[in-house]
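Participant: So TrEMBL lists these for the protein:
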type     : residues  : note
TRANSMEM : B:6-30    : transmembrane segment
TRANSMEM : B:65-84   : transmembrane segment
TRANSMEM : B:93-115  : transmembrane segment
TRANSMEM : B:135-159 : transmembrane segment
TRANSMEM : B:190-210 : transmembrane segment
TRANSMEM : B:230-253 : transmembrane segment
TRANSMEM : B:265-285 : transmembrane segment
Amino acid sequence: MLRIKNLKCSYGSIVAVHGVSLSVKKGELISIIGANGAGKSTLLLAICGLLKNWEGEIVFQDKDLKGMSPPAIVRSGISMVPEGRQIFSPLSVMDNLKMGAYTMYRKGLKSQVEEDFDMVMEMFPILRERAHQLAGTLSGGEQQMLAIGRALMARPRLLVLDEPSMGLAPKIVEMIFNVITTLQSQGVTILLVEQNARAALKISHRGYVLETGKMVLQGSADELLVDDDVKRAYLGRDYGDFYDGRDA
Amino acid sequence: MQEIIQYLFSGITTGAIYAVIAVGLSMLYSSTELINFAHGEFVMLGAMAIVTLWVHMALPLPLAFAGAVALGCCMGLLFERLAIRTARTPQPIVLVIITVGASIFLRGVAMIVWGKDPFSVPAFSRHDSIEIAGAALLPQSIWIVGAAVLLAGGIHFFLKKTLTGKAMVACAVNKKAAWLTGIPSEKMGILAFAVSTGSGAVAGIFIAPITMSSYDMGTMLGLKGFCAAMIGGLGSLWGAFAGGILLGVLESLGAGLISSGLKDAIAFILLLLILYICPGGLFSAKEAKRF
Ligand SMILES: Nc1ncnc2c1ncn2[C@@H]1O[C@H](COP(=O)(O)OP(=O)(O)OP(=O)(O)O)[C@@H](O)[C@H]1O
Ligand SMILES: [Mg+2]
């Protein structure tokens, strides 16, 4: 569904991504893990069109994304939940969701948008309570839910999430990850970037490890979870280790 | 007493025009975060266009009106396309300087087209003035205030209630996030320019009959509109509107009761006071921030 070949992204003289290749098949849940500054967000920005001057090839459903504007990419079926939520704080929760559905409204699919409101509100009941509150007043967790809801309003076939668990309490992280698996089971293809490597790999089919702009490792999630290098570098100890009595 | 009411009437009338100018500025600011220092020149273009179309060419008033507004919109679009969008480093300070340059350019072009002499425009309606408490209220004033309220209300409705308007606000708040949700940010910016400069032209059309119109009228009006928008708190449309009315009334009272030489100074004294005492403006938009 999504195929990236030899992608190279740079900011001026700084090369952030050196020749990365990856592929995502329809219905898969793929995670990309890597340390801070590895180039994960840069890779996602190139996919959704916010980054312009990349080299290589990004093909989504047989369509070359080179030179497409971000709105055109959204219309072709990719939605992104950006790093740090980036909700529209002076707009109400409802209006944020409406903005997410902008392309749907423009295609004249108003009744589908109404269904999607219900779908999102059901997924995140707290948003229904807060529907008329200004988005900037939401808590961090609620803002993340809103950011995901907003991306879903465009009915993406591929949902790209950049660190959705950042700065959230374990309970909320669990809930968000549950939502991600539910979405996947409903047929949305998902590309997930995470610091929270263990949690991400546990729900994924496959994973990629990015290190200083290079793809150093890839494999099925189960393989990566037991890989020694991955364990040392990214998994460390987490809550699970203490509860399960295992040691990483 | 009668005098004061008379001053109030004329103050509210000019104030309504300042309000429209301020609303146009504020609207552009809230959808592109750009302060357009050439806004006054679009007011001038509106006034000069009504001189040409209505007074000189004797077109029917509605047609002349539409023509003048269309000229304002088109010039705004050209301005956006040729000066703003081509900026190689679109940082706010660069763009602001571009608008200052554009204002000098537009004034120069207007001087070549219309010459240096001021023009007068007759009142739009020729009814007798209405007497209230001994003061004369011109029908023209009712026109102006009504149109100002309608225009500001329209823009307010557009930004708060329509999908396109909200998308415009979303672009101003977070352009990249707006892009990611599929909103074509550039188109929104273009639309904002057209609406803002068009409303500037409307202000010019309405001010033409109550003052003399000349190629250099825009500078002062633009600055007054800027003062009004600052008084109201940039980004708040009703604040800008109230700021305009307040400025008009204070100017009129100050000029009438103290000294007519004070008229233009009042705006700037007020602006300084506001910046000093409450820099966010009197009616600044509530920030939806948690800290
Ligand atoms: N606008 C920019 N200009 C210059 N360099 C940049 C810019 N954005 C990112 N970089 C650099 O590119 C590299 C990759 O950044 P990126 O944001 O993709 O990392 P990341 O993997 O998402 O990290 P994190 O996990 O901390 O979010 C970093 O070294 C960063 O300093
Ligand atoms: Mg990142």
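The backbone N, Cα and C atoms fix where each Cβ goes, glycine too.
Give me the lay of the land around each of these features.
Facilitator: If you look at the transmembrane segment (B:93-115), the same-chain residues 6 or more away from its ends with a CB under 8 A from one of its CBs are 34-42, 44-45, 48, 51-52, 75, 79, 83-84, 87, 214-216, 218-219, 222.
Sequence-distant contacts of the transmembrane segment (B:135-159) (same chain, six or more residues past either end, CB-CB distance under 8 Å): 2-3, 5-6, 8-10, 12-13, 16-17, 19-20, 23, 27, 30-31, 123-125, 127, 129, 165-166, 168-169, 195, 199, 202, 206, 209-210, 237-238, 241.
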Participant: List, by number or range, the same-chain residues at least 6 past the transmembrane segment (B:65-84) whose CB is under 8 A from its CB atoms?
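Facilitator: Residues 34, 38, 42, 45-46, 49-50, 53-54, 59, 90, 95, 98-99, 101-102, 106, 189-190, 193-202, 204-205 contact the transmembrane segment (B:65-84) from elsewhere in the chain.
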Participant: Of the listed stretches B:190-210, B:230-253, B:265-285, which one has the most C-beta pairs under 8 A with the transmembrane segment (B:6-30)?
Facilitator: B:230-253
Participant: Six or more residues beyond either end and a Cβ under 8 Å away: which residues meet both conditions relative to the transmembrane segment (B:265-285)?
Facilitator: 30, 223-224, 226-227, 230-236, 238-239, 242-243, 247, 250-251, 254-255
